[in-house]
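What follows is a short report on a single structure.
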Amino acid sequence: MKRTRLLSRLWEFQNKYGYIPNNAISEIAQKLRVSKIEIEGVISFYHFFHRKPTGKYIIYLNNSIISEFNGFADIKAAFEKETGCTFNSYDNNPLFSLFETSCIGLSDQEPAALINFYPFTHLTPEKVKSIIEKLRNYEAIESIANNPTCKIQYTPTEEKTIFFRNYTIGNSLKKIKPNNQNKLLANIEKAKLEGRGGAFFSTAAKWNACKASKNTKKYIICNADEGEPGTFKDKALLNNYPGLVIEGMIIAAFITGSKNGFIYLRAEYKYLLKKLENTINEFTEKGFLGKNILGIDAFNFKIKIELGAGAYVCGAETALIESLEGFRGEPRIRKYFPTENGYLGHSTVVNNVETFAMASRIIELGPNFINTIGTKQSKGTKIISIAGDVAKPGIYEIEWGTSIQQLLHLSQATAPHYIQISGPSGECINNSEFHRKICEEDLICGGSIMVFNKFRSIIQILENFTKFFKIESCGACTPCRAGNQILHEKILKIKRGICTSKDLEEIKQWGKIMQYSSRCGLGQYAANTLMMAVDKFNDYFNLKVETCTDNCNVEFDMQNAVYDYDLIINTQANNLQ
Amino acid sequence: MENISFKLDGRTCTAEKGTNLIEAAKQNGIFIPTLCHFKHLNPLGSCRVCTVNLNGRPVAGCTISLQEGMDIEVNTTELLDTRKAILEMMFVEGNHFCPSCEKSGDCQMQNLGYETGIRFTRYPHLFVDRLVDARPERIVVNQNRCIKCKRCIEEVKTNDGFSVFSFTQRGNSTKVSVDYEQEAKLSEIEAERAMQICPTGSILVKGKTFSKPFGNRQFDLGPEGKQFSLDKIKKHKTTNKKKRIATTSLAGCFGCHMSMLDIDLGLLDLLEVVEFNKSPITDIKNFTEHCDIGLIEGGCCNTHNIEVLREFRKHCDILVSVGECAIWGGLPAIRNTVPLEECLREAYLESMTSEEGATIIPNHEDIPKILNKVYSNHEVVKIDYHIPGCPPNANHIWNVVKHILFEEEYSIAYPEFKYD
């Protein structure tokens, strides 16, 4: 057995037994000739692998902020009441196991949960009751699960729509001609395609680096590990136009000379697996995948789908590569680009789902057409997922340069106050910035917009975000692992109402240290929102904290400090009576 | 090999091409503190203490292999503070009770604490309950002290090439776990090597921890200027009015007070320039006058401590936390990782001497209430200075106090720094 097979092997055990038993670990460790603790280390890194027996139905309830504002607490209580189980514990119930999980990409249909990876959306306590009853009555889970399709709420006028226009399989591949790699690459470059996962690195530069690499083996990896809370645009693409994404990968393979591709699909989107496999089969049948593709000699390319196992950080390209290789998903140190030293040391291109889809549209429609849409820096359109306090949550394909105001109007936002751009690691904006435009020149956006109205507690939002980073940090470097914990404690302190303006200053200073010294993007961006919110919503924070000068009193919460003791003594007194 | 030149804090240096920055800087006389970097290991970049600026961008120094023309900044104000901040994060994340640690004096993290001048941490301590695993054959792994540098994971292998350690869990629960089966294969010497490469006291070999006595250890430096100079005190005698000092011991052991008395006869000279108000030394119970300086030993573990501390804040111009307990809780704070109820139950209801049903958890309106955890003094009131040590050396205490009282500039010298 190869190490690269580790995650899929673990999935086999997880699916078969509901957990990964000791003898499975022994077996794997023996086959890979590694110590058992190493396998243990990989298993415990991924949220969806269990080391203790679970019930027949594993229920993962999303605890993102959107879910919290839509009744998470009630749904959680309802699940516990109906199943008799407790969340996040192994209580030996043969039927059910309950776990909280980070965003599952259904923010437009919250509260939502995955039961054995089938989606259940728009949950209410009544609905929970009926689901559990049906499951107890052996009803097939497929038949009661919801359709995860998210609504495409908006596309620009027909001629300006790029992604969600008519799609015919193989349309972009027609442009592939023997030895025209350079021309295709030039087109990608001309349309200024940049990584749509949120890093906005030039795609042409990345592909060119891989093309130029002397490495004998090259890999194309599609990053479908869309973990940023509030984001579900990649899911929409994979669900509606899986072929478009695959064509993008084929084009990339043709340009760079790669023979192998992977789609790293997050386990939360397991329900898309079948569809993707079918699409790949269709492509193979049509001769678009496999050997001598399109009749071009020695143009061989195949795509394999690998399933993640619940780790946000694996969306970072080097962490994703580690994960594919069968290791803990810890991002690598920034010494090489993956195009120099990637998957198994080979030259590797990792791109987001949307980037590949856009690439195939660029090739299909031509850069001249694409360049008529968008702004000077950002060409074409962008897929945005909008969730939160809007009447029309869902997918929006917008022309670059659309303003926040327009989006709020389109999505029918109610009393918008706090808007989170690009998820927790992005930035927040207040109502003085609604005129800002989504494009590289102004406000860059990875794909998620969460709208919160003025009745939502900003502290609750920030608490949810810091808790998320605290859990999802890979734990390999100090500033991110410890820093997120420290910031989370700080938020809890503000929540308890014993903060002064000095605490807010500290949030900014400490966040800066994390930005400055963390090993990868997760740690570098984790404190961003917090630091921005302190400045942008100072009206809100000024009501929460006491302003203090150099010589201010330290606030000490005596009530909280003696609470435990009083409780113990009172209980003792009651027991003695 | 080809030699290249690069810039280190503006100075042009040379080294072999591809040399690791940490080593090259050492050769050129510049010390870059680091905890995870270890000789021939592949760069790990996990502790981040060696963060430097490479051509203006922050990078972990241990991950840089030198190329021609690199411009590296090591000691800017921002970088020095970042390094200190990262170390402070390590101190608050784990439970580093230096006074009770077997590795104290030989601990590289402790040494970097001295080096960067950490008297107190800017962050509150997290006090997470962590495992002490004594199950392995030869070693004990104390998670309280682990800084997750990964040195042991990369370096400690059995003869047949199996790893002994691995990270398990993730996020804030990440920890280094031991493979018992593989660990049992280690020889005594290999186990000791594991203890040596651990930069803290997280990996210990059973029966070997005190083989090198305290006082002879790598970072056990004696205090500078052993004797307290009398002349220096008398210089201040011209001052008309005596300066007033108050002292107290909160949740402490009076060890810091014993240390203060350790200046012996110097105390008589001192009394010519200062007088003590409320203090165990004079047995004055209540403040009779406003004081210039208050010395606090111990942290706050009950409501009485809080009251006394607040009283001190009211009656003293300057407050100084003396010793580890005052600064962050110290030894009494060992209980902070355990819920209060469990502590009280263990102490009063289920202890060796308690009889079932005959003992209760003490409570009365006259006795102070126990707080849910031990608090450091600066969490309760504003503290102006911190003197680390357990206890701080007598000269050190008086050096600090004297300089504060007579407004002279003073910074703690490296050899005077002590956490144990």
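Each residue, glycine too, has its Cβ placed from N, Cα and C.
As recorded in TrEMBL, the features of this protein are as follows:
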DOMAIN    B:2-80  domain '2Fe-2S ferredoxin-type'
DOMAIN    B:78-117  domain '4Fe-4S His(Cys)3-ligated-type'
DOMAIN    B:137-167  domain '4Fe-4S ferredoxin-type'
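Remote same-chain residues near the domain '4Fe-4S ferredoxin-type' (B:137-167) are listed as 35-36, 38, 41-42, 44, 46-47, 90, 93-97, 101, 103, 109, 130-131, 174-180, 182-186, 188, 190-191, 193-195, 197-206 (criterion: CB distance under 8 Å, separation of at least six residues from the stretch ends). According to DSSP, the domain '2Fe-2S ferredoxin-type' (B:2-80) comprises 14 helix, 25 strand, 40 coil. As a summary of secondary structure, the domain '4Fe-4S ferredoxin-type' (B:137-167) carries 8 helix, 9 strand, 14 coil according to DSSP. In this model, the domain '4Fe-4S ferredoxin-type' (B:137-167) carries an average pLDDT of 93.
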